[in-house]
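Peer 1: Not my notes, these are from TrEMBL:
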TRANSMEM  124-144  transmembrane segment
DOMAIN    126-509  domain 'Major facilitator superfamily (MFS) profile'
TRANSMEM  164-182  transmembrane segment
TRANSMEM  191-208  transmembrane segment
TRANSMEM  220-238  transmembrane segment
TRANSMEM  250-271  transmembrane segment
TRANSMEM  277-295  transmembrane segment
TRANSMEM  326-345  transmembrane segment
TRANSMEM  365-385  transmembrane segment
TRANSMEM  397-415  transmembrane segment
TRANSMEM  421-443  transmembrane segment
TRANSMEM  455-476  transmembrane segment
TRANSMEM  482-502  transmembrane segment
Amino acid sequence: MERRTTIAAIESPALVAAALESSLRLEKNPSGSFSGPISGDVHARLEVFVTESADGSTIDLCATQPIEIPFFGWAFDPVHRWVLRRGLRYSTQCIRAALSGQAAPTELKRSPLSAPAEFSEHQINFLATTSLAAGIAAFGAALFGQNASSIADSFGVEDAGLGTALAITRLGVLFALIAAIASDRIGRRKVILWSVAVVCIANAVSGLAPNFEIFTGSQLFLRAAVNSALVIGGIAVIEEAPDGARAWAVSILSLAAGAGFAIAVVLLPLADRSPESWRIAFGLSALALVLLPAIRSHLPETTRFKKVAPGGRAPLRLREIFDASYRNRFILLAAIGFLTNIFSAPSAQLTNRYLADVHQFSSSSIAMFRGITNGVPGVIGILIAGRLAETRGRRPVAIVSLFLGTCLSMAFFLVSGPLLWIASTLAIVAAASSTLTIGTMDAEMFPTEVRGSSNGLMLLAYVIGSASGLLIAGWLSDPLGGIGRAIALCGIAPLIAAAFLLRRLPETAHVALDDVSPSEI
């Protein structure tokens, strides 16, 4: 992608050349042109051609964006065009200021969507492909929670039964744990590919399920595959991302997962068409299987795993997780995950049920509500977290965002009217920030040879927390006078994590990954 502009100057080519070198820090090429980076973006390049004219000089500027993004190029092309237009405008202003002796304009700041560090073509392709896998997994995972009310009505299940089923699906973590350990043995690539396949197949079974027992069983396997795809996908992008951009890479992965969730929300009105029309969305998730060959052809193994497993297989080193170097990290992160999921699981899975039962929202109204309060705010939260986690540090961002997000989410389940919309909007911004930042630290804190296993074991703690939260919310719904109050009560758990546990973790921002968690092989 490129954009061009031409300006005229009364100064000679020699004076223009000096201005280019001083104002834009461009270097002269053997061909006579000048080239260098564009302010505000690590990938965009500027090339300037200066020719003599009758009135002085003609200056031709060509801004290029050399990176090509598979699968998601259409989403980033508008950003790249804006970066190039802005870069050309800034470069023109710098040249005119230098030639006229005026002060140079303020240097451009990076766009939140622009990488904070330079990615190679391999790294870009890897991030985009893994993000596609994450989007498919997140779409498949969201369908049960989004359609919970319609599914419960279709099978004649009450709140307690629905909460129990959602808790049972969390037991899929046992299979996810096996997959996570396997990723340290056979590599990240194979686990991600198998996980995507299982997501699609499990939702195919769910969409055709004749009873709630078969539906719940298939969702158990789906939950295992989703956990594997998202956890190992997050590990993989962190292993491949350049230092200084690990949290940003996770934010892009999260945006793709958020897009998958958004598709599930957009499809929610289908559930209003008939008592069984919720099955259509599950069928669409199954059709995503056609994308698996493309993912397979674009997804290589991570460079770090190949270093610890030159032959394609690595020995298991589970004991390393519990040695003196990493034991405290593991205990803290597992406890944080357990406490946060006591609230996040019922909050995420039962929100639609809460809106339908307590506030009498239809499926279409829920889709509109979630789209307005979760769509753009969620993207903003992810972008803010990706940037602040690199500049301000993981730990302070995680503490503040988890505390604020929990308080706002608790308020959402206790208020009504306009406050319901305001609380949901602000809560999703903070929640997206805390989820991304804590998830980044989960993968950074352990060396390559046990990164999958450690995150799999932590996932076990997370899912125990999720199941506990779902059961607590379901059981307390009637005694407390409603599902909203029961869910809000669960919010005490993550407040404990924010206040007492997160501050005990080491800071990982501005530190090379191999220094944060050096390999012991």
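Even glycines carry a Cβ here, placed using N, Cα and C.
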Peer 1: Could you check whether the transmembrane segment (164-182) and the transmembrane segment (220-238) come into contact, where contact means at least 3 Cβ pairs under 8 Å with the two residues of each pair 6 or more apart in sequence?
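Peer 2: These two segments touch.
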Peer 1: Apart from its near flanks, which chain residues at least 6 from the ends of the transmembrane segment (277-295) lie with a Cβ under 8 angstroms of it?
Peer 2: 71, 129, 132-133, 136, 139-140, 143, 146-147, 150-151, 154, 192-193, 196-197, 199-201, 203-204, 206-208, 264, 267-268, 270-271
Peer 1: To the transmembrane segment (482-502), which of 191-208, 250-271, 397-415, 421-443, 455-476 is linked by the most Cβ pairs under 8 Å?
Peer 2: 397-415
Peer 1: Quick one: do the transmembrane segment (191-208) and the transmembrane segment (250-271) reach 3+ CB pairs under 8 Å, ignoring pairs fewer than 6 apart in sequence?
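Peer 2: Output no: the transmembrane segment (191-208) is apart from the transmembrane segment (250-271).
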Peer 1: How about long-range neighbours of the transmembrane segment (250-271): same chain, 6 or more residues beyond its ends, C-beta under 8 Å?
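Peer 2: For the transmembrane segment (250-271), the sequence-distant neighbours (Cβ-Cβ under 8 Å, at least 6 residues beyond its ends) are 72, 127, 130-132, 134-143, 146-147, 150, 230, 233-234, 237-238, 277-278, 280-281, 284, 352, 363-364, 366-367, 370-371, 374-375, 378-379, 382-383, 385-387, 432, 435-436, 439-440.
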Peer 1: Most CB pairs under 8 Å with the transmembrane segment (326-345): which of 124-144, 397-415, 421-443, 455-476?
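Peer 2: Looking only at 124-144, 397-415, 421-443, 455-476, the most contacts with the transmembrane segment (326-345) come from 455-476.
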Peer 1: Taking residues 6+ outside the transmembrane segment (455-476), which of them lie with a CB under 8 Å of any CB in it?
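Peer 2: Result: 159-160, 162-164, 166-168, 170-174, 176-181, 183, 227, 231-232, 234-235, 321, 330, 333-335, 337-346, 349-350, 442-443, 446, 483, 485-487, 489-490, 493.
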